[in-house]
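A.B. asks: Questions regarding the structure given below will be posed in turn.
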Amino acid sequence: MTDKLIIFDTTLRDGEQSPGASMTKEEKVRIAKALEKLRVDVIEAGFPVASPGDFAAVQAVANTIKDSTVCGLARALDKDIDCAAEALKGAVSARIHTFIATSPVHMEMKLHMSPQQVLEQAVQAVKRARQYTDNVEFSPEDAGRSETDFLCRIIEAVINAGATTINIPDTVGYTLPDRFGKLMAELRERIPNSDRAIFSVHCHNDLGLAVANSLAAVMNGARQVECTINGLGERAGNAALEEVVMAVRTRQDVFTCHTDLDTTQILTCSRLVSNITGFPVQPNKAIVGANAFAHESGIHQDGVIKHRQTYEIMRAEEVGWHANRMVLGKHSGRNAFRERLKQINIEFESEEALNAAFARFKALADKKHEIYDDDLQALVTDTLTSEHERIKLVALKVCSEMGETPCANLTLNMDSVENSVAAQGSGPVDATFKAIEALVNSESRLLVYSVNSVTGGTDAQGEVSVRLEKEGQIVNGQGADTDIVIASAKAYLNALNKMLTPVDRKHPQKVAAPV
Ligand SMILES: CC(=O)SCCNC(=O)CCNC(=O)[C@H](O)C(C)(C)COP(=O)(O)OP(=O)(O)OC[C@H]1O[C@@H](n2cnc3c(N)ncnc32)[C@H](O)[C@@H]1OP(=O)(O)O
Ligand SMILES: CC(C)C(=O)C(=O)O
C-alpha cells in the first residue's frame, strides 16, 4: 500500500480570491457538499476575519460538512485566529491555517518586520491556534522566494510550537519544477523535526507551472497538495485539483502515493464551480474541458476504435464523463432520462425537480437533433438554479433586420405579477437587456458578457455568462438555450435574481431590494 496524498481543496478560499469569483454563503455550502462527495480530505472554506459574510460562510460549511475536515485561514494575528476558531466551532473536524510571509521582499517591504520578529510571530500564532485545535497548519508565505536557511529555522520552530502541517507555498508562481522539488527534499532532510509534520504544497500558476511544481514536490515527499477545482484562484490561479489527482492516479508507475478521492465526481464539481462563478471551462482544458476525451481526426479515431489505449491514457468515465454518445431524443421517456442523468452523477432531490428538468429536455429535444451529456448538464443546472427565482422569463420576441433598429418584446413574471414591455437596442441582445431593465429597473451595470457553445453544430446550446455590478456588489449569471438571445435573457435574469434576493450576502446592506 502506498502513502496517502492528502487533497486540500481551497476553491472556496484562494479560488474565491479570483477577481469576480466571489461566492455567497449558500453557493459555498453547495460547492462544499460537492467536494465532500468527491471525498476531498480538507476543505478550506474561507478567511473568516475577512468579512461578516465570509465568517458566516465558513460557519455554515463547518456546520454542514461531516466527512471532510473544514479549514479557516488566519494571518499570524490573535484576532484572526480567534475569529477562525469561532467560525469553525461546529465542525466535526476543524483545522486552523495560519500564515506569515518569509521572503526578504515581503518581510521588509510589506510587513516591515525583521526575520526574527516574523519567526516569533509565527510561533506565537501556532501556539494560539493550538489552544483551539490540535490540527494546525502553518504556511511561510512566498516560500518560493524565501531563503532556505530561514525557512529551515522558522519551520523547525513552528513544528516545536505544535504545527502539524507545514505548507510550502509558491505564492507568486515563480519557481521551476526541478528547483521546487529540490527545495521540498532539502527542507525535509535538513529540518531535524520534519518527521513530526506533514509537508504540503500550494502553487500558483503565473508561469503555467502550478501543477508541474506541485507534482515535483509530491515526488520529493510532500503528502498534501493544495489545489482548486478548474485551477481557479488569485491571478492566474492555483494548481487544478483534477489535473493533480489524475496525474497521480494515472502515473502510479512513478508516484509512491495515492488519493482517496471518488474521481467520478470531478466533472460534476467542475461544472458546479463554473456555473456558480461564471468562469467558463475552456474546451481544451485537461480532464474537464469538453474536448478532453473527444477524438476528432481520422487516424486517432481509427486507433481508438481498434484499441482504446492508442490515444487514451485515462478513461473518461473515471472523471465522470460518459464515453458513449447520447442516444436520448424527443421520443425518450422519463425513466431513460433519469437513468442517463444518474450515470453522469446527477440526482434529483424531488420528483418535481426531475419533472421540471424533463419538461426542459422535451422542449430542447424538439429543437435539436442530438442531445449530449453537455446539453443535459447545462439544462439541469439551469433547472436547479431557476427554481427559486423571483423574476421569471415568460415570453420574448426579438426583431432583427438589416437596416432596422432591433427591438425586443418581453414579458416577465415578477413576484407572481406579469408585465410586458417593448424596447430597442443596438442589437437583439442589447434590446433584450434594455427591455429587462425597463421592467426591473435594477440600475445595475453590465461588466462582462460572454457566449459559449456547449456542444458543436449550429443547433448547439449557447451558454451565456454575464456579470452585473451595482453599488460595489458583483453577481454572475448563467443561462443556456439553443437560442442565444433567450440564453442571454436567462443569464441576465439569473444574475438579477441573485442580486435581488437579500439573503446573507457578503455585503447585505448593499443588496438592491426594489423590483
Ligand atoms: C497569499 C494569500 O493568498 S494570503 C490571503 C489573501 N487573502 C486576502 O487578503 C483576502 C481577505 N483579506 C481581507 O479581507 C483584508 O485584507 C483583511 C481583513 C485580512 C485585513 O484588512 P485590513 O486590516 O484593512 O488590512 P489590509 O488588507 O489593508 O493590509 C493587510 C495588513 O495585514 C498585514 N499582514 C499581511 N499578512 C499578514 C500575516 N500573515 N500576519 C500578520 N499580518 C499580516 C499587513 O502587513 C497589513 O498590515 P498593516 O495594516 O499594519 O500595514
Ligand atoms: C496563504 C497561503 C498558503 C497562500 O494562499 C499563498 O501563499 O498563495
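Quick reminder: no glycine exception, Cβ is built from N, Cα and C everywhere.
Keep in mind that what you see is a predicted model, and the values were worked out from it rather than measured.
Pulled these from TrEMBL:
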- Asp14, His202, His204, Asn238: Mn(2+) binding site (BINDING)
- 5-267: domain 'Pyruvate carboxyltransferase' (DOMAIN)
- 392-515: region 'Regulatory domain' (REGION)
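Each of these features: where is it, how hidden is it, and who are its neighbours?
C.D. replies: Annotation for Asn238 (Mn(2+) binding site): same-chain Cβ neighbours under 8 Å, separated by at least 6 residues, are Thr10, Asp14, Gly15, His202, Cys203, His204, Asn205, Ala210, Glu226, Cys227, Thr228, Gly231, Leu232.
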A.B. asks: Measuring Cβ to any atom of ligand 2 with a strict under-6 Å cutoff, which of the binding-site residues Asp14, His202, Asn238 qualify?
C.D. replies: Asp14, His202
A.B. asks: What other residues of the same chain, not counting Asp14, His202, His204, Asn238, have a CB atom within 8 A of the CB centroid of the Mn(2+) site?
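C.D. replies: Going along the sequence, the neighbours come out as Thr10, Pro169, Thr171, Cys203, Asn205, Ala210, Glu226, Cys227, Thr228, Gly233, Glu234, Gly237, Ala239.
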A.B. asks: Tally every other Cβ atom lying within 10 Å of the Cβ atom of Asp14 (Mn(2+) binding site).
C.D. replies: 23
A.B. asks: Counting every protein chain present, what is the number of Cβ atoms, excluding its own, within 10 Å of the Cβ of His204 (Mn(2+) binding site)?
C.D. replies: 25
